[in-house]
């Protein structure tokens, strides 16, 4: 008898959910009730969207290991941002994110960002300051991220000023060392000869992978480098300390590292738009605009599609999520019930300034909601 009563109760409960009964006794919902339901759903989604945006801001800072957003103005960024081929390629050909069914899951992502490319601008070391006859550039301080990854490429980029007629340019890169007994302070890294034609200046890249690897193994040996580039008349063409009109032409190091890709799983779920009347757990579109935050330190993307999850995980809908339903039935008091949450997420690539005014190109995991489900 008790079992029969339970079944009757469940049946009536399901009927109420599917066909709500108005208080006046009519079997059809009133027009006001429908409007109220839609308004409540819109309000709930708006609150979920706002919470998602705030969570994204916190996650980005945390995953990039930043205590706060770097305080870099647009004017400073204009001065620091190299006008160089590798950076332009990253910006022009930027793959903001992909919104497809490619494999990837929340569980398989690491928490912190994965670094792929680091662009390091020169600074001045104490050793360079103490030297007599200030050398022509440059000391590079390396991010700790480089030391924990496999370096696959390291190039020094220098800008050579324009020439008035066809000429041969002699480029020499020297590594500073502690003074020898004979007074020697340099050892050669690379020498090359270039033929330049009249017109605009050019960017020239030089492989310094071996030097970088030695510096990483023995940080105390990193005392800086000197850059020389003279034409046939002895005119210095290398931009080492940019003058007027030479913003963005500083020498810099482009370092690329690699990480082992992780295996992933496939998942499925509902997709909805902002005008959808779907009440079940569903994925909704959400575009995050970094410029609206005032986050100028993010070079690219300026915005990206983050998406968010919203909707109900009621008993009558649990046939779509049978595993979660069975777990809940086995231990009904173990939780407050299933919630609509991301079940599959993918990373975004990001080009940004860190707190040390270094330009980092990396991958931030779990920033795009690809699938939603009840769990």
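Placed from the backbone N, Cα and C atoms, the Cβ positions cover glycine too.
Taken from Swiss-Prot, the feature disulfide bond applies to 272-282 (among others). Counting every protein chain shown, 18 other Cβ atoms lie within 10 Å of the Cβ of residue 272 (disulfide bond). In this structure, residue 272 (disulfide bond) belongs to neither helix nor strand by DSSP; it is coil.
Marked as disulfide bond by Swiss-Prot on the basis of similarity to another entry: 281-340 (among others). Residue 281 (disulfide bond) carries neither a helix nor a strand DSSP state and counts as coil. Residue 281 (disulfide bond) counts 26 other C-beta atoms within 10 Å of its own C-beta, drawing on all protein chains shown.
Other Cβ atoms within 10 Å of the Cβ of residue 372 (disulfide bond), summed over all protein chains shown, number 26. The disulfide bond annotation in Swiss-Prot covers 309-372 (among others), and the record cites similarity to another entry as its basis.
Sequence annotations record features per position, and here Swiss-Prot assigns disulfide bond to 313-374 (among others). The 10 Å shell around the Cβ of residue 374 (disulfide bond) contains 25 further Cβ atoms across the protein chains shown. DSSP classifies residue 374 (disulfide bond) as strand under the three-state reduction.
Every protein chain considered, the tally of other Cβ atoms within 10 Å of the Cβ of residue 71 (N-linked glycosylation site) stands at 9. The N-linked glycosylation site annotation in Swiss-Prot covers 71 and rests on sequence analysis.
Residues or ranges marked as signal peptide by Swiss-Prot: 1-23.
Taking Cβ-Cβ distances under 8 Å and a sequence gap of 6 or more within the same chain, the neighbours of residue 282 (disulfide bond) are 269, 270, 271, 272, 276, 309, 310, 311, 340, 372. Every protein chain shown contributes to the tally, and the Cβ of residue 313 (disulfide bond) ends up with 21 other Cβ atoms within 10 Å. All protein chains shown were included, and the count of other CB atoms within 10 Å of the CB of residue 340 (disulfide bond) stands at 22. On a Cα basis, residue 281 (disulfide bond) lies 6 Å away from residue 313 (disulfide bond). You'll find the Cα of residue 71 (N-linked glycosylation site) roughly 39 Å from the Cα of residue 281 (disulfide bond). Following the DSSP three-state reduction, the secondary structure of residue 340 (disulfide bond) is strand.
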